[in-house]
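In what follows, a structure is listed as structure tokens, so that the remarks can point back to it.
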Amino acid sequence: MLRLPTVLRQMRPVSRALAPHLTRAYAKDVKFGADARALMLQGVDLLADAVAVTMGPKGRTVIIEQSWGSPKVTKDGVTVAKSIDLKDKYKNIGAKLVQDVANNTNEEAGDGTTTATVLARSIAKEGFEKISKGANPVEIRRGVMLAVDAVIAELKKQSKPVTTPEEIAQVATISANGDKDIGNIISDAMKKVGRKGVITVKDGKTLNDELEIIEGMKFDRGYISPYFINTSKGQKCEFQDAYVLLSEKKISSVQSIVPALEIANAHRKPLVIIAEDVDGEALSTLVLNRLKVGLQVVAVKAPGFGDNRKNQLKDMAIATGGAVFGEEGLNLNLEDVQAHDLGKVGEVIVTKDDAMLLKGKGDKAHIEKRIQEITEQLDITTSEYEKEKLNERLAKLSDGVAVLKVGGTSDVEVNEKKDRVTDALNATRAAVEEGIVLGGGCALLRCIPALDSLKPANEDQKIGIEIIKRALKIPAMTIAKNAGVEGSLIVEKILQSSSEVGYDAMLGDFVNMVEKGIIDPTKVVRTALLDAAGVASLLTTAEAVVTEIPKEEKDPGMGAMGGMGGGMGGGMF
């Protein structure tokens, strides 16, 4: 029997032989205090500098290399922020934290990402400087948040509700970098579908921007067979006052659809069949009857896949007042169909590529309840794909959908413009929600006097308040700097002027901001400050930073190649 010491002695040579191969992957590197903060600040500076150049009406664009396709040209702050990834791990941590500020602001308000980024840089930079001189970072953070609360309260006092289409157009124009055409098209869209209506942005097919209003439920599935066409003009099938049969399952047998056809025939109504598929003898019988006796029917494949298809069919059932056959939990068979199981619509248009159900006769209360359910799902989902699909479903159930088709001469131009249109649309929605304040960074400047009355608990909190006082000047200074003038002089002149006067960077003049329509949504300014202060003041409290040391790849060397050559040589003869 072997004793334990003997076993261990025998294992030693083995462990020595294996030692070079048993290396730890992903070891960590730790930096403390001023060293760590200095490196993070360099990352913050790099990201903020790249984003800041896009600010204001005379801001420049940024060109971003992409892993595929042509480079992206943009003036959208959050797009620039997201594209930055630094090689140095410590610098990258600083950059990523400010990137989070831009992302949060974009998700909550849809605009104001550049403002949030320059504010975050200012707060972090000043905070680091004060801490290096011995101030307490925790108390500085308390002072910063105290000042931010006071500024937000003051912003709410300054805020005015958006009432007219002209004001909506002004907000959209400012956010679209002074493009009045974009401002007007968004204002028109809101006029047509209502302020809470659904507005989507898509690539256009022409050189000009277009606005299309879609009423009812439109989905991208056309007729299954061209024999269903009933108009000579436009290769489409059109019905007035029709019944709708909805099925989750494939329809192949004729017997299953005869009862529905008999009901439609008895009521002298056309029938629209929307199912997973219609094929076999069911399809051939429908086509034959359509051609021989002029049967008023059209078959369409249900849109989407999996759960998305089920949800869309359920939406159609609610919008038209019908039921979905084959739905889990409901023992509804197509053979037992009754008139009340069929949906009812005022008008149906089916083309080769899409179908539209207009003037659905569904119960308004049920539709409202369904809209509420989808809105609640939207609030909790984090997936961008899910959000897109939920928004599409919401749009179809709402009164109408406005589609902004962005035109241009090339993909690069369309994509750049699309970024601005999306920003403008988000800013407009934010303005309708919480009102408007002076634009051009003036609203934040007008909040500075409100900080004078604050009573900090100690000297370090007072430093935090002073940090915010200086940060509030940064957006206006950045806009002026991008317009080629001295920012600090512009800011001082604005502070000495009456409350509605600000700097119009486009004209290079001091004007009444409200009369000129240079306004920002309150929600955008508030969110930008809150997110920037929260993350930047947390950044200043960091005393240690832990990063992963990249795994070193061993150089295989050239020895293997030589051996391989010899082996091959030996094998050849």
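Backbone N, Cα and C define each Cβ position, glycine as well.
Fair warning: this is a prediction, and the values are worked out from it, not measured in the lab.
Swiss-Prot annotations:
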BINDING   Lys75, Asp111, Gly112, Thr113, Thr114, Thr115, Gly440, Asp520  ATP binding site
CROSSLNK  Lys551  SUMO2 cross-link
MOD_RES   Lys125  N6-acetyllysine
MOD_RES   Lys133  N6-acetyllysine
MOD_RES   Lys202  N6-succinyllysine
MOD_RES   Lys205  N6-succinyllysine
MOD_RES   Lys218  N6-succinyllysine
MOD_RES   Lys218  N6-acetyllysine
MOD_RES   Lys236  N6-succinyllysine
MOD_RES   Lys269  N6-acetyllysine
MOD_RES   Lys352  N6-succinyllysine
MOD_RES   Lys396  N6-acetyllysine
MOD_RES   Lys469  N6-acetyllysine
MOD_RES   Lys481  N6-succinyllysine
TRANSIT   1-26  transit peptide
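Here the features listed in Swiss-Prot are placed on the structure.
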residue : record            : DSSP (3 states)
Lys75   : ATP binding site  : coil
Thr115  : ATP binding site  : helix
Lys125  : N6-acetyllysine   : helix
Lys133  : N6-acetyllysine   : coil
Lys202  : N6-succinyllysine : strand
Lys218  : N6-succinyllysine : strand
Lys236  : N6-succinyllysine : coil
Lys269  : N6-acetyllysine   : coil
Lys396  : N6-acetyllysine   : helix
Thr114 (ATP binding site), Cβ-centred 10 Å count of other Cβ atoms over all protein chains shown, is 28
Give me the Cα-Cα distance between Lys218 (N6-succinyllysine) and Thr114 (ATP binding site), rounded to a whole Å.
37
Going by Cα-Cα distance, which of the modified residues (Lys133, Lys236, Lys469) sits nearest to Asp111 (ATP binding site)?
Lys469
Expressed in Å to no decimal places, the gap between the Cα atoms of Lys469 (N6-acetyllysine) and Asp520 (ATP binding site) is 20
Assigned element (helix, strand, coil) containing Lys469 (N6-acetyllysine), judged by DSSP:
helix
Of the recorded positions Thr114, Lys133, Lys236, Lys269, Lys396, within 10 Å of Lys352 (N6-succinyllysine) (CA to CA), in sequence order, we find Lys236
Measuring CB to CB from Lys125 (N6-acetyllysine), give everything in the same chain under 8 Å that is also at least six residues away in sequence.
Leu41, Val44, Asp45
Using C-alpha atoms only, work out the spacing between Lys133 (N6-acetyllysine) and Gly440 (ATP binding site) and round it to an integer in Å.
34
Determine the most Cβ-crowded residue among the modified residues Lys269, Lys352, using a 10 Å radius around each Cβ and all protein chains in the structure.
Lys269
Rounded Cα separation (Å) that holds between Gly112 (ATP binding site) and Lys481 (N6-succinyllysine)
18
Could you work out which of the modified residues (Lys218, Lys481) has its C-beta surrounded by the smallest number of other C-beta atoms within 10 A?
Lys218
Expressed in Å to no decimal places, the gap between the Cα atoms of Lys205 (N6-succinyllysine) and Thr115 (ATP binding site) is 33
Tally every other Cβ atom lying within 10 Å of the Cβ atom of Lys236 (N6-succinyllysine).
20
By the DSSP assignment reduced to helix, strand and coil, which category contains Lys481 (N6-succinyllysine)?
helix
Roughly how many angstrom lie between the C-alpha atoms of Lys481 (N6-succinyllysine) and Lys396 (N6-acetyllysine)?
45
